[in-house]
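**Q** Quick one: structure below, then a few questions.
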Amino acid sequence: MAILSRFKGKSPTPASSTADPEKKPKMLVVGMRERFSPRILLMAIIVSMGGFIFGYDTGQISGFLEMPDFLTRFADTTDLVTGNLKFSNGRSGTIVALLSIGTLMGALIAAPIADHFGRKLSIVFWNMVFCVGVIVQIATTNQWYQIAIGRWVAGLGVGALSVLTPMYQSETAPRYVRGALVSCYQLFITLGIFTANCINFGTEADNSPRSWRLPMGIGFIWPLAMGLGIMTLRESPRWEYRKGKVNSARKTIALSYGVSEDHAEVQREIREIKEKLDAENAGGGKHPWYEIFTGPRMLYRTLLGITLQALQQLTGANFYFYYGTTIFQSVGLPNSYVTAMILSGVNFGTTFPGLYIVEKYGRRPSLIVGGLWMFMCFMVFSSLGHFALDREEPQSTQGIGYAMIVFACLFIAGFAMTWGPIIWAVVGEIYPSRYRAKCMGLATASNWSFNFLISFFTPYITGAIDYRYGYIFAACCFTGAMVVYFFVCESHGRTLEEIDTMYILGVNPIKSAKWEPPEGDELPNLDNTYLTPGARGINKRSEAGVPEEQRKESIAGPSNGGAVLEVSGAR
């Protein structure tokens, strides 16, 4: 029990000066040159292009729904007041939301393919799938369902890339920039939305098919750039090691850190990867998929990731981006495309501070403050829209409309600096390597499921309860802050193994920022623990080949469903 007490938030006894420095190397002391090395920048730009592809596709559809030629070809009803063509709620919801159905499926399919063929080849393949979806859309003349089917196919690629991008970044990035680098996925989503809105603004006055086909055709550039660019990067070192390519994995880690292959930091990471793989093979090598629920503390983490990704959508950010053009046209602003550019510009610009915030202040404080800030903004926005805005003649209360724009911008700024990028970083960190692909796929599928629900039902809900819809999102923002406060451990500055240990040992999330790992001992992690076939919750680890002086000490693991946690003695 002495070992267990050292992991439950108590300050450990400082390691002696004679401790083996290779046992737990200190974090590298790095400066701006190391943080912004050419390799890290190249990785950020190329891999995060998966986010740009999603953002661009999201941003352009909002503008298409208001373009005259697009309406002429695909609209199915007319406005009873003006007599102008428009989309019914069912058709517009289907066109917008089928992308999310595709992304949901792509996110679930991507994990096993990436585990078998590798991260790089998988990224190339799913970019090709996205291009097929764009071809299906751009080739249509007046069949609206062809647009919808094309968006579904493109969504397969977008959903798969939404899993592969954070996964590749998490497995390859140096730990001192891991949070910021994974958060670049969200940064590029915002850049894609902003770019799409700018291009839509440039073509919306054209009454020919070029108004929507040109922005759609430009969408080929991004998957082409990502597919070719990823081939210039190295494969994930963790995937390489698991496939027996040890020397290549070591070289990749050394290049990522900008040090020699025999550097202590490189040796530490290689040793962690080896220990995880050896332990996994000792436990039988193959593990059924349901262990993402039955493994020690895995139900907690799996449900936490699913909840966080769902709450990211339920903050309500996509309420503005999917229907931004339509919403702000209704408040009487002269050009809703300009409004959309302003919103997406704020979204993009304020994501940059988020990359700093995630590393400076940590995950928990940023997400809690961000959730409360968004709660306040939505409360004001919804109250102005419902109680002060004249919805019959919005031009008569244009000042209220502009005030709503201001609070929409304040909301988007809060989202872009906190819940937008940081959720991707948290979900990429909380899972052990054995289950990372499956769990991230499931969590990302949760994101896309709620993305679909919001994008499909928003026209119906706003038609029924107008801007009071924002109160629902406000409640979800507040709930998100509480979920983070009570359930998310602070992972800033920690190795993936330390994060794994915190969740296994049931460290109190509220006190997790002050938790310190013990110096000089092997950290218990999920790969120290195995489920015996047919006996749920009973853990077993092979003792074959273990010297007597390194016999394991069995202790009861907290919050582990009665499981027995086996920790190797100090070596």
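Cβ coordinates come from backbone N, Cα and C, glycine included.
Annotations per TrEMBL:
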- 540-554: compositional bias 'Basic and acidic residues' (COMPBIAS)
- 43-492: domain 'Major facilitator superfamily (MFS) profile' (DOMAIN)
- 1-22: region 'Disordered' (REGION)
- 530-571: region 'Disordered' (REGION)
- 36-56: transmembrane segment (TRANSMEM)
- 95-114: transmembrane segment (TRANSMEM)
- 121-139: transmembrane segment (TRANSMEM)
- 145-164: transmembrane segment (TRANSMEM)
- 176-194: transmembrane segment (TRANSMEM)
- 214-233: transmembrane segment (TRANSMEM)
- 303-323: transmembrane segment (TRANSMEM)
- 335-358: transmembrane segment (TRANSMEM)
- 367-388: transmembrane segment (TRANSMEM)
- 400-427: transmembrane segment (TRANSMEM)
- 439-457: transmembrane segment (TRANSMEM)
- 469-488: transmembrane segment (TRANSMEM)
**Q** Counting CB pairs under 8 Å, which listed stretch among 145-164, 176-194, 214-233, 367-388, 400-427 touches the transmembrane segment (36-56) the most?
**A** 176-194
**Q** Can the transmembrane segment (303-323) be said to touch the transmembrane segment (214-233) if we require at least 3 CB pairs below 8 Å and skip pairs under 6 apart in sequence?
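**A** Touching, no - the transmembrane segment (303-323) and the transmembrane segment (214-233) miss the threshold of 3 or more Cβ pairs under 8 Å.
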**Q** Should anything in the same chain at least six residues away from the transmembrane segment (469-488) have a Cβ under 8 Å from its Cβ atoms, list it; otherwise answer none.
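**A** Counting only partners 6 or more residues beyond its ends, the transmembrane segment (469-488) has Cβ contacts under 8 Å with 300, 304, 307-308, 311-312, 314-316, 319, 363-364, 367-372, 374-375, 378-379, 381-382, 385, 419, 426, 458, 461-462, 509-510.
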**Q** Please determine whether the transmembrane segment (335-358) and the transmembrane segment (145-164) are in contact (criterion: at least three Cβ-Cβ distances under 8 Å, sequence separation 6 or more).
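**A** Touching, no - the transmembrane segment (335-358) and the transmembrane segment (145-164) miss the threshold of 3 or more Cβ pairs under 8 Å.
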**Q** Would you kindly list the residues that approach the transmembrane segment (145-164) from elsewhere in its chain, counting only those six or more residues past its ends and only Cβ-Cβ distances under 8 Å?
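**A** Contacts with the transmembrane segment (145-164): 50-51, 53-54, 57, 61, 74, 94-95, 98-111, 113-114, 119, 122-123, 126-139, 185, 223, 226, 437, 440-441, 444-445, 447-448.
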**Q** Restricting attention to the domain 'Major facilitator superfamily (MFS) profile' (43-492), give the mean pLDDT.
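**A** Computed over the domain 'Major facilitator superfamily (MFS) profile' (43-492), the mean pLDDT is 84 on the 0 to 100 scale.
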**Q** In terms of Cβ proximity under 8 Å, which residues at least six beyond the ends of the transmembrane segment (214-233) contact it?
**A** 42-43, 45-47, 49-50, 52-53, 56-57, 60, 63-64, 120, 123-124, 127-128, 130-131, 134, 137-138, 157, 161, 192, 196, 199-200, 203
